[in-house]
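Undergrad: Below are the structure tokens for one structure; questions will follow.
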């Protein structure tokens, strides 16, 4: 009984020691992510040529799942914003399709100024309307104040189809696109001109007369990735801890309108004015989101029925010239809505940014900058024509001033026809240029083809892109229109964040892996995707209990996204194969597959393939332990991020060791190997080995004897032994006669003669062989005896061990039987006593009543 208690105590101690240890556990399907710069792909509801060749059709999936977490957001340093800037530039280039160099046009041209068409009546009308901003002017009134575009008709000679024969050509150019020198001694108005930018860049002509359609796109995360969205009401482009976070698959639909200074057709207009600053405090990069309550719009128009004349210069080179013989009226833009009220609210918000209570809103002024035409003017594209609108009139209207924005030293000249530079107007004059500066790449010029017919664009104004100059606490504050195009995409996409889902996590548990040969089989995957991240804000313990469902959500989402994307790609493969965005869409699909395969390869290297919770044999050696009830997986992963490298290395080493152990275990568990011991062929192999050992030993012994014989032969004959022969007088007294006892001298002589006559070498060989045989026999006998003793001892120990096990089992059975017997007896006694109490209770009650009554 004592031995049994000792054994039970040892087992209990071992179990208690094993329970106290923590081991690394791998979890697959946890809602954790990290920032990513992967290429997103685009969807669009548009069906024009560009949309169908670059984006896949919109699936109208606006699913949004809220997350109970906090996350950092930044609008400008955002990979999604950088992608949008690059992609929209590609859209520009593909829409304009520059393909033919215009280097032949970079020659001297003889130009004559075109005649004007403005009448004195129009000039008088324009002069009488200078005193009011004309908020509700008609189209005729606005066009009456517009000046005429200065243009020239230029002729030049160039070799055409016949290289040795020059041909004269005639084209019409805007004067802003020419660099001219007046001729001396020539006809009046004639001048020598060159096309601008000939010396500093390569100009290209548009092959097709395409134009810029209103295009709306949305960016979508590839499979295995997601978009986080900040929904805080006080979000201003920078939030270290956004509290109202949700996860989406795609962004909202955004417009692709490119402008400078003023944002058009934005998708984030709300009933409040907001100021966004880069990094939360950068005054040079500011977005002012305008209140949609004021209904701010802008209407832009190019008057006249403009026509285009294709001029074939040589084979493969066609230049689209402007066909008119008189000057055209300037284009114009009319700003409509309550701009005064909107600008007043903007001024109040500018004061709140720095908490400048002493500054009057009258000291906050809107300004424009100087530099390239795209920077100094309100620049945008309207149906293929690039408008350059000088904002001085409108800025004077908002600031309630009448000054020349180009400098305070200049006087406002009101003597010239038309309005001067110091008037207030709700509309501005615009120039149209055919040669423009590229807004994305430095110094590159893109040629925009002219459009025929009437042009008009109506847009909503949703933002101002500015730089704020805080001079001092009480001084004037200048709000300067900024030409930074990236602010457009920071405004549109700044509340989104592209993240990569990392569904593999590590945490310590007290469960150690069972290292048996069985493995879990692959499970089927169904359900959706965004619900997978819905558990990001829940505690680790609650999330871990639903890992199977979450991992199914993850893979199902990946497969569904891949299926949708592949179907769209297959439908448009003929169109996608030649476009840059088509390649990016395919790249997004490949990236998702690579990511999923990489995750599965990592799990497989740790022995955790197709497992949602995988226990390991690697001990947890770190002090960090999770709080399963009040810590999210995202918080835990950020806490142990520095330990991931060490943990993965230990997991790989443990898996390699487990593979080796499993291989050995399978060999021991192989019954075919066990029955092979009873095979005669197996034993014949061992017999062969033993026979070879004996033959080798005998061969070595024979070689040793042979070597001894050769050595003796080389030494020569041995000398004869000197034997003393006794005489008859010295014959020993044997107490008898000659016939009784002793050896006669004649017999000794015979033996001596025999010995002397037998060769000594043969005797040595015989003796050596006899001695060797005796030694071998003795050695074999000793080995057999030792082996027999060992076998007897092992059998004895085995019998003793079996006897002890039998006694222990018998003792345990007796103890269990005795304990069961005692427990049963006690239980029976308790039941009997309870039964007696119930049976005897009436009698005891009766006896008690008799005692009381008696």
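From the backbone N, Cα and C atoms, a Cβ is placed for every residue, glycine too.
What Swiss-Prot records for this protein is below:
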TOPO_DOM  21-705  topological domain 'Extracellular'
DISULFID  42-55  disulfide bond
DISULFID  99-207  disulfide bond
DISULFID  106-198  disulfide bond
DISULFID  111-154  disulfide bond
REGION    111-153  region 'V1'
REGION    154-198  region 'V2'
DISULFID  220-250  disulfide bond
DISULFID  230-242  disulfide bond
DISULFID  300-333  disulfide bond
DISULFID  382-457  disulfide bond
DISULFID  389-430  disulfide bond
REGION    389-430  region 'V4'
REGION    473-481  region 'V5'
REGION    586-602  region 'Immunosuppression'
TRANSMEM  706-726  transmembrane segment
Undergrad: So, three-state DSSP: helix, strand or coil for residue 55 (disulfide bond)?
TA: coil
Undergrad: For the disulfide-bonded residues listed here, 55, 230, 250, 333, 457, which shows the highest count of neighbouring CB atoms within 10 A?
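TA: When each Cβ's neighbours within 10 Å are tallied, 55 tops the list.
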Undergrad: Measure from the Cβ of residue 389 (disulfide bond) and count the other Cβ atoms within 10 Å, all protein chains considered.
TA: 24
Undergrad: When DSSP states are folded down to helix, strand and coil, where does residue 111 (disulfide bond) land?
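TA: Strand, per DSSP.
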Undergrad: Which residues, sitting 6 or more apart from residue 300 (disulfide bond) on the same chain, put a CB under 8 Å from its CB?
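TA: Within the chain, residue 300 (disulfide bond) has Cβ neighbours under 8 Å at 331, 332, 333, 334, 380, 382, 387, 389, 430, 456, 457, 458, 459.
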Undergrad: Return the residues near residue 154 (disulfide bond), defined as same-chain residues 6+ apart in sequence whose C-beta is under 8 angstroms from its C-beta, sorted by sequence, else 'none'.
TA: 109, 110, 111, 112, 170, 171, 172, 173, 178, 193
Undergrad: Express the distance between the Cα positions of residue 242 (disulfide bond) and residue 55 (disulfide bond) as a whole number of Å.
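TA: Spelling it out, the Cα of residue 242 (disulfide bond) and the Cα of residue 55 (disulfide bond) are 31 Å apart.
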Undergrad: Quick check for you: of the disulfide-bonded residues 42, 55, 106, 230, which have their Cα within 10 Å of the Cα of residue 250 (disulfide bond)?
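TA: Passing the 10 Å Cα cut: 42.
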Undergrad: Would you pick out, from the disulfide-bonded residues 106, 430, the residue whose Cβ has the largest number of other Cβ atoms within 10 Å?
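TA: Going through 106, 430 one by one, the largest Cβ count within 10 Å is at 430.
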Undergrad: Consider the disulfide-bonded residues 42, 55, 106, 220 and say which one has the Cα lying nearest the Cα of residue 230 (disulfide bond).
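TA: Nearest in space to residue 230 (disulfide bond), counting only the disulfide-bonded residues, is 220.
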